[in-house]
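The structure appears below as structure tokens.
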Amino acid sequence: MEQTYEYAWIIPFIPLPVPMLIGAGLILFPTATKSFRRMWAFQSVLLLSIVMIFSIYLSIQQINSSSVYQYVWSWIINNDFSLDFGYLIDPLTSIMSILITTVGIMVLIYSDNYMAHDQGYLRFFAYMSFFSTSMLGLVTSSNLIQIYIFWELVGLCSYLLIGFWFTRPVAANACQKAFVTNRVGDFGLLLGILGFYWITGSFEFRDLFEIFNNLIYNNEVNFLFVTLCAVLLFAGAVAKSAQFPLHVWLPDAMEGPTPISALIHAATMVAAGIFLVARLLPLFRVIPYIMYLISVIGIITVLLGATLALAQKDIKRGLAYSTMSQLGYMMLALGMGSYRSALFHLITHAYSKALLFLGSGSIIHSMETIVGYSPAKSQNMGLMGGLRKHVPITKITFLLGTLSLCGIPPLACFWSKDEILNDSWLYSPIFAIIAWATAGLTAFYMFRIYLLTFEGHLNVHFQNYDGKHKTPFYSISLWGKNGVKKNSCLLTMNNNESTYFLSKTKYPIDKNGRKMTRPFMTIAHFEHKAVSSYPYESDNTMLFPIFVLGLFTLFVGAIGIPFNQEGVNLDILSKWLAPSINLLHPKSNNSQDWNEFLKDAVVSVSIAYFGIFIASFLYKPIYSSLKNLEFINSFVKKGPKRILWDKILNGIYDWSYNRAYIDAFYTRFFVGGIRGLAEFTHFFDRRVIDGMTNGVGVISFIVGEGIKYIGGGRISSYLFLYLAYVSVFLLVYYLLFST
């Protein structure tokens, strides 16, 4: 076993040859490399599969022996400073490695077909493999310096992949927004790392935790400074995991290809923030204010993400806000000290959300046969509906993922979310009420997405091809009426557009974003020359990963069932995490009896079913297929209470549709303020600084020209003036000093 761990350092570097060879091939042999481009997809899947097998083998050994392995190479620079590099294999590392590789393999297989018609096929697989390398390097790092290096590489890869179709200005601005927002958190992370090195003198996790705990125990640290450094460390996780208030980049990250959305939201970028907090939890737990801050940020994000998902029309943006809310649950669990529950939900959510995103990609792919390549139309749930008849396999798997996120047993997220909800009652009743209420909202907005997409009729057939509504035959709206109430508020923004950080101009979607081999409609307007009247199911290479992730969604929750009775240990996850749990909670007991579990589960499942019922009432075709739901409303007497209720609903709708006005607030005050400051400094530089230097030159030029014209160019005149000046000088000298 020791020999196996010795070779674990190679894990991050196994996928690295793919981007290196693709880059070299495109430079040296571009034609041959492009001709055999699908070979690189096979190589990417093969190398990542090797990492997966190695990670599973290490995980089995850890479950059986509860071991942790760390190896460090020390580079001694001088007697006072040495730089250490190494790798750490513990339960957290093995869990993250399996998540990254399993989800990554499914995404790569899926992408082979999804990106088959794209000219950037090779570039896409190069980025994906480098993304896997960066994330694997991050989770195997044994110190904060390595964490930061791979942390920045993960951010770089996400920037490249979100802006993969960089010719579309919307995508270019989205990747810039993600990059700039994450720079805020990364700067805090760097300052926090330097602060804790100044306190402890070490970057290594094991030494850092031991030294810091001793300093806290002996009361030898400045608690204000320690708290500040911990907040700065946490800021990096807030930005990476899209927690409030640095969450604004996440929905705009949907401008990248859909497989990237699946990878970012399941196993890579957003998981990095949760991983960092979990890795540093032994540090944070001895600082009570930080643990409370983590839980507060988590519960705010839980509720905010759920409310923002309520009125989204873009299917990927709706799932993005769902990810934000679920990450809030994980952060809440970590803030409460529920280490096991947080990692359990990280595992179950990763597979469920990857399933949903790949399913949405299959839906978008099928919608493009009708509306052409236009994300504003192919991702618009208002143009979908009735797809259950056309994409039945996608429908079944998407329903599995939806039910899992809703918390319906026996699917994966039911087991993990229920643990977090139960732990929240012990931590804070207020937090518990918010968390349980948000569970109902989750069921509502997830079934809203499902019903708008798969039930009813294909809504695109009930629209004019100029994009305007016909007389509504099939009308669905969030609040049971046709149309959207427009808000004239100063901060209202168009939800179909990104918030532009670095550009004043807002551009339409570029028509040349992706080259397709089959014909498609123009993007500016619908045309009557449709390729196909109805969507069709995706190819097998796209359905296979969806099917596998569906199996994970069905069965992965079984690893964390917390029932240990009569010598039967069903809780594999607790045994797997035993070294970490014993470090954090030496006397913890994760077992639970059936009666207690069923009592808690009945409440959570009832709340989930209530949310599903409300969504079904508003969006099920039996209620929404009338010509206009206002027909029903006309029979209801609109008294003062009803008018007030409508105002409340419209306010919630505007809040959700306009992203809680947070993006608009940042754009107006932060971006506008920075741009105003830049314009002022530009004016000051041009008019004042340059004016002073240029003014001296102009004055010198004018004086010189004046003297030149006075002299006239004659030597006799120069001699006359010279003698006159000397005479005047001598006369003045005589008058002043003669006495």
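Backbone N, Cα and C atoms are what each Cβ position is placed from, and that goes for glycine too.
Here's what Swiss-Prot has on this protein:
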- 9-29: transmembrane segment (TRANSMEM)
- 40-60: transmembrane segment (TRANSMEM)
- 89-109: transmembrane segment (TRANSMEM)
- 185-205: transmembrane segment (TRANSMEM)
- 219-239: transmembrane segment (TRANSMEM)
- 258-278: transmembrane segment (TRANSMEM)
- 286-306: transmembrane segment (TRANSMEM)
- 354-374: transmembrane segment (TRANSMEM)
- 396-416: transmembrane segment (TRANSMEM)
- 543-563: transmembrane segment (TRANSMEM)
- 602-622: transmembrane segment (TRANSMEM)
- 717-737: transmembrane segment (TRANSMEM)
With the cut-off at Cβ under 8 Å and a gap of six or more residues from its ends, the chain residues touching the transmembrane segment (602-622) are 406-409, 414, 417-418, 421, 436-437, 439-448, 451-452, 455-457, 474, 476, 478-480
Pairs 6 or more apart in sequence, C-beta under 8 angstroms, 3 or more of them: is that satisfied by the transmembrane segment (89-109) and the transmembrane segment (543-563)? yes
I need to check the long-range neighbours of the transmembrane segment (258-278): which residues 6 or more away from its ends have a CB within less than 8 Å of a CB in the stretch? 92, 96, 99-100, 102-104, 107, 110-111, 114-115, 128, 131-132, 135, 138-139, 147, 151, 154-155, 158, 161-162, 164, 233-234, 236-243, 250, 284, 294, 316, 319-320, 323, 327, 330-331, 334, 339, 342-343, 346, 349-351, 353-354, 357-358, 360-361, 364
Where among 185-205, 286-306, 543-563, 717-737 do we find the most Cβ pairs under 8 Å to the transmembrane segment (354-374)? 543-563
Which residues, given as numbers and ranges, are at least 6 beyond the ends of the transmembrane segment (9-29) yet have a Cβ under 8 Å from it? 40, 43-44, 47-48, 50-51, 54-55, 71, 87, 97, 122-123, 125-127, 129-130, 132-134, 136-137, 140, 150
